[in-house]
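**Student:** Structure in structure tokens, see below.
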Amino acid sequence: MLEFEVLKTDPATVDSEGAYLGSYARRGQLTLNHGVVQTPIFMPVGTYGTVKGVTPQSLHDMNAQIILGNTFHLWMRPGLDVVAQFGGLHKFESWHKPILTDSGGFQVWSLGEMRKISEEGVKFASPVNGDKLFLTPEISMQIQTLLNSDIVMQFDECTPYDTKGHITTEGEARSSMELSRRWAKRCEIEFDKLENPNALFGIVQGGMFENLRQESLDALVEMDFPGYAVGGVSVGEPKEEMLRIMAHTPHRLPAHKPRYLMGVGTPEDLVEGVASGVDMFDCVMPTRNARNGHMFTRFGDLKIRNARYKSEEAPVDSTCGCYTCRNFSRAYMHHLDRCGEMLGPMLSSIHNLHYYLNLMQEVRGALDAGRFGEFVRQFKADRQRGV
């Protein structure tokens, strides 16, 4: 089940210089089998059935509404038979709100020379034990049906920006996009055959070529998926290329369907994505950066292992209400990082995820109040100020 309602759109406004500040931003509500999600939303990534270093209770406390699971990695470990014992991911990982699972396409793509792609699917060696495996659109749908995720992603080929220094040509991007399009249809047929009660999203591909993006979009819209994603961005391309595709594609998707930008990105990317008409985001950046002492704040990024923080009594971000900032100093966080204590990345992950989720809450509030343009100006000024 999926119901999506656009509650409000960004009104056209002008700044003091008379510059147009209107955007494609919209405020929505997404109803899924395991709950209601307010959009725009950031979705923490739980690759192996867990958001790294963060308990489900902590995610609930920071108002996470939906998280991700990774079809490929959960297939590898613990294996489908184990998850099936629990009736799906929700009970297995004790998360009772919505879950989105990706199809495994990106992970198979990232195996590089260890995999072989054909019309039928992808042959590859298991990164766990070396077993020869075969993943097809049909098998991906079967796995995700067993996982019982609220949102199921089609199996696709992630078009790379470059391969060993060779930038993907338009012809190569077209072949990849057309394969993903054919796989989308096979996913749709298998999904319906399985009578999966959840929602299947199509994924727009096409590399950095706007004409291919449009062709992919048109074909997927004709299939009438409940929702759509923009894939194949943040895969090594220059930032300006990613922003160009973001500006081109999301707002052209059906206005009455949810739009998901996959694997993006920085706080600035999220705000830019909202302005481009995106409703849903995911990225490993908050937790991955946290494990490396890189923390996001309202006033720019903070690298906690820097010696300047050795004796600072202030919290990571004095404007933040997360558990970390309410209880611990920069000096303590610096100490944990320097000692390699596991509590360090746990507290840093709590902070970074809270920052991302709160940023989206502020975006929703600005859209509700009809002041998104004003919010964007203040957000940019604050982030550029520096800690």
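One is the number of the first residue shown, and numbering goes on along the chain from there.
Every residue, even glycine, has its Cβ placed from backbone N, Cα and C.
Take a look at what Swiss-Prot says about it:
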ACT_SITE  Asp102  active site, proton acceptor
BINDING   Asp102, Ser103, Gly104, Gly105, Phe106, Asp156, Gln205, Gly232  substrate binding site
REGION    263-269  region 'RNA binding'
ACT_SITE  Asp282  active site, nucleophile
REGION    287-291  region 'RNA binding'
BINDING   Cys320, Cys322, Cys325, His351  Zn(2+) binding site
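Help me picture these features in the structure, burial and contacts included.
**Tutor:** Remark: Asp102 (active site, proton acceptor) has Leu68, Asn70, Thr71, Phe72, Met153, Met262 as non-local neighbours, by Cβ distance under 8 Å and separation of at least 6 in sequence.
Secondary structure at Gly232 (substrate binding site), as computed by DSSP, is coil.
Cβ atoms under 8 Å from those of the region 'RNA binding' (263-269) belong to residues 106, 231, 233-235, 242, 246, 281-283, 285, 296, 355-356, 359, 379-380, 383 of the same chain, restricted to positions at least 6 beyond its ends.
In sequence order, Phe42, Met43, Pro44, Val45, Leu68, Leu100, Tyr260, Met262, Gly263 make up the list of same-chain residues 6 or more apart from Asp282 (active site, nucleophile) whose Cβ falls under 8 Å from its Cβ.
Taken residue by residue, the region 'RNA binding' (287-291) breaks down under DSSP into 4 helix, 0 strand, 1 coil.
According to its DSSP assignment, Cys320 (Zn(2+) binding site) is coil. Cβ environment of Cys320 (Zn(2+) binding site): Thr297, Arg298, His351, His354, Tyr355, Asn358 lie under 8 Å away, each six or more residues apart in the same chain.
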**Student:** Do me a favour and check the Cα-Cα span between Cys325 (Zn(2+) binding site) and Phe106 (substrate binding site); whole Å is fine.
**Tutor:** 35
**Student:** May I have the DSSP-based helix, strand and coil counts for the residues of the region 'RNA binding' (263-269)?
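**Tutor:** Each residue of the region 'RNA binding' (263-269) counted once, the result is 3 helix, 0 strand, 4 coil.
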**Student:** Quick check: in three-state DSSP terms, what is His351 (Zn(2+) binding site)?
**Tutor:** helix
**Student:** Where does Asp282 (active site, nucleophile) sit in DSSP terms: helix, strand, or coil?
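**Tutor:** It is in a strand.
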